[in-house]
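One structure below.
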């Protein structure tokens, strides 16, 4: 007679086998009723013997107790986004860039996949067992959705097969099939619940439930498309090979993944999928095209937030016609005046659209747009609504001219348009309430100073009540003053004050990004910080010297130089420093006085380190006389390559620069 342990093992193995056949192979061999019977039998046995329940048992998908809030998971390897192309000409230009950059006659084979319209997730397996899952978040840090992901039947709690790595991070898309989406909305209408606009919103809402038991009731599914962390094992040296290996281990992979031998075959695949799109049973918004060879991927490397070896070829956005009821003018963080069309609300690609960007005065002139016109609206990239064209044949008689303002609609300051620029700007600077609001929202944002709990509505009120005029004023706020805002109790106010205090400790790169200098994004801010090291050096830099920083041209250099030349900006920076904003200062050491293999060398770190943080490694290298740079150039002496090193490693190899790994770095640090 079999023991209870043997019965449980057999039932779990049988259920996992049938889950694999159903979700991965799409070839179920037993009726749903038989699957349900086996599940009931397993559940009954586990109820009688709770001490024998294992975390990877199929019964453990039903969901744990509700969470108070999501915790954060830092991605060991950043989850980058993809660059987009929207037409054949742009794709062919991308194809040419890839061929040119490879600088060889070696053939490029493309692996093409469906671009699923769902939620990107990262799933970590240790010794084949699912241990954690996270959303993409900002690419560096995501939300811990482990409990919810465990409820998705398509995702195995335990991988099966041979040669499974000790640590394997699988990346893919969680999405909701059309049938499941329609059923959720049908149930919601019947019970008075929330009706979702589209399957993507429904998938996101289902996956980000604090109560996993709700997620368990939603028919979410999953396809994997890539890998993050890989330790203690190997994977094939092609992208398609890796996907097929994932499938062999029990992970679901789309059956539409296709290998294309040329750009022409890629375009044929794109048009085939576009034709089949309505019958797939789930939403996609394009195809993803990747260089199949991992060696070529490594050679091509990355730009700031995207790989050079992949692109998303988006489908033309859905379009609808409606009427322009008015045109209003919004003022952005840098004073840019943006015309916005107020529309007769219309559903476009599952979303009710009532506003659309008109970009600038030139665009209004190009369109020949008048208030009252009938227009075609497109959700560009299925996200940002825009006016495509005016239906002139149906123009009403009572249309009105759109008059671009000569004075700021918010503060009344002059509006000027610099020759050669399409954008007109308010000249009011921070005396303009709109610019002040947007500048402050940028300053406190997650990727800038990261002030937790200070949302847009709080900033709006602070500006409207004249409590805050510059970023430095934020750090002068008290809990007592904040309680004067709507829906702000003493406890919430104190939390904001505490968050502001915590935000004072930052990095030089984050501080530069938070200042909101025109054209200075995160990557440029990091480059400037790494190159100059100190605020004083950056403030004193000439336009010519600024252009020595990688990826900084004359336009960006001019904006940076002009920003620091402006006395009011320097005053704000002085106030911020006086309020206690600080970051680790580089230690200046005479390299000639140090007996170290790193002394006097320009060193670049790339990839992720496992034994110490990047910041700790940089600090130790500087202590030993090295200059740590943010990018690889002919002046670089040494590159330290951690896990998943990308474009910097490729460039170092191309330039013949010495490369060492983390183990060798640690040995030299200790020598």
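The backbone N, Cα and C atoms fix where each Cβ goes, and this holds for glycine too.
Per Swiss-Prot, active site, N6-AMP-lysine intermediate is recorded for 115, and the stated evidence type is sequence analysis. According to Swiss-Prot, the NAD(+) binding site annotation covers 32, 33, 34, 35, 36, 81, 82, 113, 136, 173, 290, 314, on the basis of sequence analysis. According to Swiss-Prot, the feature Zn(2+) binding site maps to 408, 411, 426, 432, an assignment based on sequence analysis. Marked as domain 'BRCT' by Swiss-Prot: 593-671.
Location within the structure of each feature annotated in Swiss-Prot.
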residue	record	CB count, 10 Å
34	NAD(+) binding site	12
82	NAD(+) binding site	18
115	active site, N6-AMP-lysine intermediate	22
136	NAD(+) binding site	19
290	NAD(+) binding site	20
408	Zn(2+) binding site	24
411	Zn(2+) binding site	19
426	Zn(2+) binding site	27
432	Zn(2+) binding site	21
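For the domain 'BRCT' (593-671), the predicted model reports an average pLDDT of 78. Using a 10 angstroms CA-CA radius around residue 136 (NAD(+) binding site), none of the recorded positions in 115, 408, 411, 426, 432 qualify.
Counting only the Cα atoms, the space from residue 34 (NAD(+) binding site) to the residue listed as 'active site, N6-AMP-lysine intermediate' is about 34 angstrom. For the Zn(2+) site, the Cβ centre of 408, 411, 426, 432 serves as reference, and the other residues of the chain with Cβ at most 8 Å from it are 331, 335, 409, 410, 412, 413, 415, 427, 428, 431, 433, 434, 435. For the pair formed by residue 82 (NAD(+) binding site) and residue 411 (Zn(2+) binding site), distance between Cα atoms is given as 39 Å, rounded to the nearest Å.
With DSSP classes pooled into helix, strand and coil, the tally for the domain 'BRCT' (593-671) is 28 helix, 18 strand, 33 coil.
Looking at residue 411 (Zn(2+) binding site) and residue 290 (NAD(+) binding site), their Cα atoms lie 49 Å from each other. Taking CA atoms as the reference points, residue 408 (Zn(2+) binding site) and residue 115 (active site, N6-AMP-lysine intermediate) are 42 Å apart. Closest to residue 290 (NAD(+) binding site) in space, going by CA atoms and restricting to the recorded positions 115, 426, 432, is 115.
Geometry remark: residue 432 (Zn(2+) binding site) versus the residue listed as 'active site, N6-AMP-lysine intermediate', CA distance 42 Å. Separation of the C-alpha atoms of residue 115 (active site, N6-AMP-lysine intermediate) and residue 426 (Zn(2+) binding site): 40 Å, rounded to the nearest whole number.
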